[in-house]
Amino acid sequence: MVSTQTTIAGFTFTNCLMNAAGVFCMTKEELEAVEQSAAGSFVTKTGTLAARQGNPEPRYVDTELGSINSMGLPNLGVDYYLDYVTELQYKENTKPHFLSLVGMSPDETHTILKKVMDSDYNGLVELNLSCPNVPGKPQIAYDFETTNQILSEVFRYYTKPLGIKLPPYFDIVHFDQAAEIFNQYPLAFVNCVNSVGNGLVIQDETVVIKPKNGFGGIGGDYIKPTALANVHAFYQRLKPEIKIIGTGGVKTGRDAFEHILCGASMVQIGTALHQEGPEIFERITNELKDIMTEKGYQSLDDFRGKLNYIN
Ligand code: RRO
């Protein structure tokens, strides 16, 4: 029997596919739809200490090759998501989940993480270090000094399983420098990648989203090669305890297969989930299983990270 089961930080997921933060995860109703689908888990919309309206609309647009967004971190507040994932822990036949969060400042991030630490929630947390869309707030993970500072402070008190959501990096030196920092900490995972920040999509003579004069994070087909490169670069550099979640450009079983071949233990779907809805998980799972059957692979371990090079 072909299986797409996977493990992160001791949590077993019956399927390696799930939503990417930001898509189908703003409300309990959306999260419940992912929970009831073939997905192996869900991650919540990134929660901040106080609820946020986000940027003015239009702020998300699908294009032929993907999407552009400048949502601006709209969310119902971290308590809404923390209460929900905690409640689900006590349900029968529940799945392990990911709570995504970040503060509007390092202090606020610590306040939120201490709240999670003091709560009954024992699942995974994804600290979002890569939101590209809050005017005046740079993506944290492009500033290595600040990133190192935040992680060093967090792991003084935070002892539950924690991973980080990363922006794409584009230089080998940056992969090296980032990995050197991440390897110093007991991270459960790194998630590569968030949207490619600050792209511009134009229709006729006008931008397609309102915030930031049209600048926004790019997802979908456009970003798969960048996502795969980041997954593989960190798979090569990080200590084996730090698992990789692959996100970016996944809309077929083949795309998921490639992420796993590059080293991903879990694969997230963003733009394509927005375009197709939660039924996408069953389709892509079947496509991935068909590829595995064809190649004689029974589990993800049979091919994870085993990308071939040309000698
Ligand atoms: O809400 C957003 O604008 C947003 C976030 Br927090 C993120 O991490 N990535 C993204 O593409 N949009």
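Placed from the backbone N, Cα and C atoms, the Cβ positions cover glycine too.
In the three-state DSSP scheme, CYS131 (active site, nucleophile) is classed as coil. The feature active site, nucleophile is assigned by TrEMBL to CYS131.
Of all Cβ atoms in the shown protein chains, 26 besides its own fall within 10 Å of the Cβ of LYS45 (FMN binding site). What TrEMBL lists as FMN binding site is LYS45, THR46, ASN128, LYS165, VAL193, GLY220, GLY248, GLY249, GLY270, THR271.
Annotation for SER70 (substrate binding site): spatial neighbours ASN55, ARG59, ASN133, ILE209, LYS210, PRO211, LYS212, PHE215, GLY216, GLY217, criterion Cβ-Cβ under 8 Å with sequence separation of six or more. SER70 (substrate binding site) carries neither a helix nor a strand DSSP state and counts as coil. Annotated substrate binding site per TrEMBL: LYS45, ASN69, SER70, MET71, GLY72, LEU73, ASN128, ASN194, SER195, in sequence order.
Annotated domain 'Dihydroorotate dehydrogenase catalytic' per TrEMBL: 5-292, in sequence order. The average pLDDT computed over the domain 'Dihydroorotate dehydrogenase catalytic' (5-292) stands at 98.
Proximity to SER195 (substrate binding site), judged by a C-alpha distance within 10 Å, picks out CYS131 from the recorded positions LYS45, ASN128, CYS131. Among the binding-site residues GLY72, ASN128, VAL193, GLY248, GLY270, residues whose Cβ is positioned under 6 Å from ligand 1 are identified as GLY72, ASN128. Other than LYS45, ASN69, SER70, MET71, GLY72, LEU73, ASN128, ASN194, SER195, the residues of this chain whose Cβ falls within 8 Å of the Cβ centroid of the substrate site are, in sequence order, GLY22, THR46, CYS131, PRO132, ASN133, GLY217. Here the C-alpha separation of CYS131 (active site, nucleophile) and LYS45 (FMN binding site) works out to 12 Å.
Here the Cβ of SER195 (substrate binding site) has 31 other Cβ atoms within 10 Å, regardless of which shown protein chain they belong to.
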